[in-house]
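Visitor: First the structure, which I've put down as structure tokens, then a few questions once you've had a look.
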Amino acid sequence: MADYLISGGTSYVPDDGLTAQQLFNCGDGLTYNDFLILPGYIDFTADQVDLTSALTKKITLKTPLVSSPMDTVTEAGMAIAMALTGGIGFIHHNCTPEFQANEVRKVKKYEQGFITDPVVLSPKDRVRDVFEAKARHGFCGIPITDTGRMGSRLVGIISSRDIDFLKEEEHDRFLEEIMTKREDLVVAPAGVTLKEANEILQRSKKGKLPIVNENDELVAIIARTDLKKNRDYPLASKDAKKQLLCGAAIGTHEDDKYRLDLLALAGVDVVVLDSSQGNSIFQINMIKYIKEKYPSLQVIGGNVVTAAQAKNLIDAGVDALRVGMGSGSICITQEVLACGRPQATAVYKVSEYARRFGVPVIADGGIQNVGHIAKALALGASTVMMGSLLAATTEAPGEYFFSDGIRLKKYRGMGSLDAMDKHLSSQNRYFSEADKIKVAQGVSGAVQDKGSIHKFVPYLIAGIQHSCQDIGAKSLTQVRAMMYSGELKFEKRTSSAQVEGGVHSLHSYEKRLF
């Protein structure tokens with residue numbers, strides 16, 4: 001007994017594990033698989049963990065998840081789904097400026113609060129005009145004013161119930177013959193708050209609620225569908241107008257200024273300067289240009305992997321930094337160009353520097369599972385950008401196909417020859433637009449179907465919350481505070497430890513995550 005008994009009770013606890021500073025000052029470049037976080041003390045449930053985190057200096061998300069601006073990951077469908085679940089999507093720019101701006105517009109109009117620029121028709125318009133508007137915009141609850149414009153007198157409204165059973169030969173009828181007349185409408189006065197208007201709409205059991213001024217002129221409208229979205233998606237990321245947040249990628253060339261203008265006109269909330277190596281005079285000049293022309297527009301710079309790179313972009317005025325070079329599953333930059341940095345080291349080093357200036361960091365690349373997300377956030381990142389993890393979800397662009405009985409979607413790096421051949425923007429990202437010989441920095445592949453974002457992202461959220469619970473932190477802010485104070489401890493993993501930490505010693509198994 002004397003061999004292992006020590007007097008004095010349990011007041012003595014030996015120092016265990018490494019601080020983040022000790023872990024990353026060893027001189028080795030570390031990936032997310034090279035270390036683990038040591039557990040802490042639990043006195044709360046996982047669903048109490050607050051995942052609120054900063055995307056930029058002025059934009060805060062309730063979920064620290066961001067979809068990558070890749071043409072096989074984020075267009076309007078993905079951006080809408082990400083915003084509804086508390087994150088944000090960045091529309092790719094491997095397309096025409098007009099297409100990209102229209103995708104942003106779709107996101108901004110998906111949920112609107114007070115709609116101040118609705119589709120409006122006049123009594124002399126015809127039924128076929130309603131069907132055309134429905135085909136173009138996806139709805140047919142349209143207010144009718146005497147001139148067919150906003151700001152003129154409200155005379156009625158057309159809903160699906162008014163036109164559902166009309167025969168084709170009736171499509172030339174005037175709307176004044178079939179619309180619901182003004183005297184039968186429920187309206188709200190101008191100056192009403194959104195909360196009051198929603199309550200009126202709820203009581204009325206109508207699909208739309210027109211807002212009129214003292215002269216009975218239409219000034220806005222709200223939709224019942226938005227009430228349902230508010231109920232179903234309480235974490236949704238919204239701007240001051242109650243529209244969904246949406247980001248977009250642009251390049252750093254002169255013609256990207258035209259793209260920027262269209263995006264700003266469409267209502268984009270934040271732009272990311274999409275470059276494989278962000279520490280360039282081209283990006284610095286573009287940051288300054290955007291800040292001068294659109295001072296309220298948030299700008300994310302990158303990509304960077306060192307404090308020296310980050311310094312130049314912070315000095316130029318960025319509102320956040322995107323960190324990662326060559327760590328993505330489809331990226332071969334490190335292999336081909338011998339430049340880059342292991343992602344865990346890059347995230348820690350840049351985050352530790354950028355926090356001194358209040359600049360949030362987005363960890364971009366190398367995310368293979370929810371554990372990697374938790375590790376990136378514990379190393380100082382405020383949000384995590386995902387490509388392959390979200391590819392092949394229902395909301396990702398592209399069609400499913402089958403190979404050996406497995407349902408797949410195409411996924412490619414923006415530095416792949418495939419993407420470069422599609423549009424010049426991909427070449428600009430890798431400074432290759434003038435090269436006669438293209439050097440691919442990415443590959444094309446396929447990813448297995450993951451189902452809908454509306455099921456997959458809640459799984460990721462729950463995983464992050466459980467990770468924070470095991471750490472003993474009730475919020476991501478507390479996780480980062482524990483890391484910087486040295487309270488949060490880490491441990492390096494040998495290759496054998498990594499094998500031990502995975503599934504092993506089984507003849508066969510099925511791995512279902514959610």
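Backbone N, Cα and C atoms are what each Cβ position is placed from, and that goes for glycine too.
Not measured: the values here are computed from a predicted model.
Under the heading phosphoserine, Swiss-Prot lists Ser122, Ser160, Ser416. What Swiss-Prot records for 179-237 is domain 'CBS 2'. For Lys195, Lys208, Lys438, the entry in Swiss-Prot reads SUMO2 cross-link. Positions annotated as phosphotyrosine by Swiss-Prot: Tyr400. Residues or ranges marked as active site, proton acceptor in Swiss-Prot: Arg429. The N6-acetyllysine annotation in Swiss-Prot covers Lys511 and is backed by similarity to another entry.
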Visitor: I need the nearest neighbour of Lys208 (SUMO2 cross-link) among the recorded positions Ser122, Ser160, Lys195, Tyr400, using C-alpha distances.
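Guide: The smallest Cα gap between Lys208 (SUMO2 cross-link) and any of the recorded positions is with Ser160.
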Visitor: Here are some modified residues: Ser122, Ser160. Which one has the most Cβ atoms within 10 Å of its Cβ?
Guide: Ser122
Visitor: For a quick check of understanding: among the recorded positions Lys195, Lys208, Tyr400, which residue's Cβ has the most other Cβ atoms within 10 Å?
Guide: Lys208
Visitor: What is the separation, in Å, between the Cα atoms of Ser122 (phosphoserine) and Lys195 (SUMO2 cross-link)?
Guide: 29
Visitor: Return only the integer: C-alpha distance in Å from Ser160 (phosphoserine) to Lys195 (SUMO2 cross-link).
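Guide: About 26 Å separates the two Cα atoms.
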Visitor: So, by DSSP, how many helix, strand and coil residues make up the domain 'CBS 2' (179-237)?
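Guide: Counting residues by DSSP class gives 23 helix, 16 strand, 20 coil.
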Visitor: With H, G and I counted as helix, E and B as strand and the rest as coil, say where DSSP puts Ser160 (phosphoserine).
Guide: helix
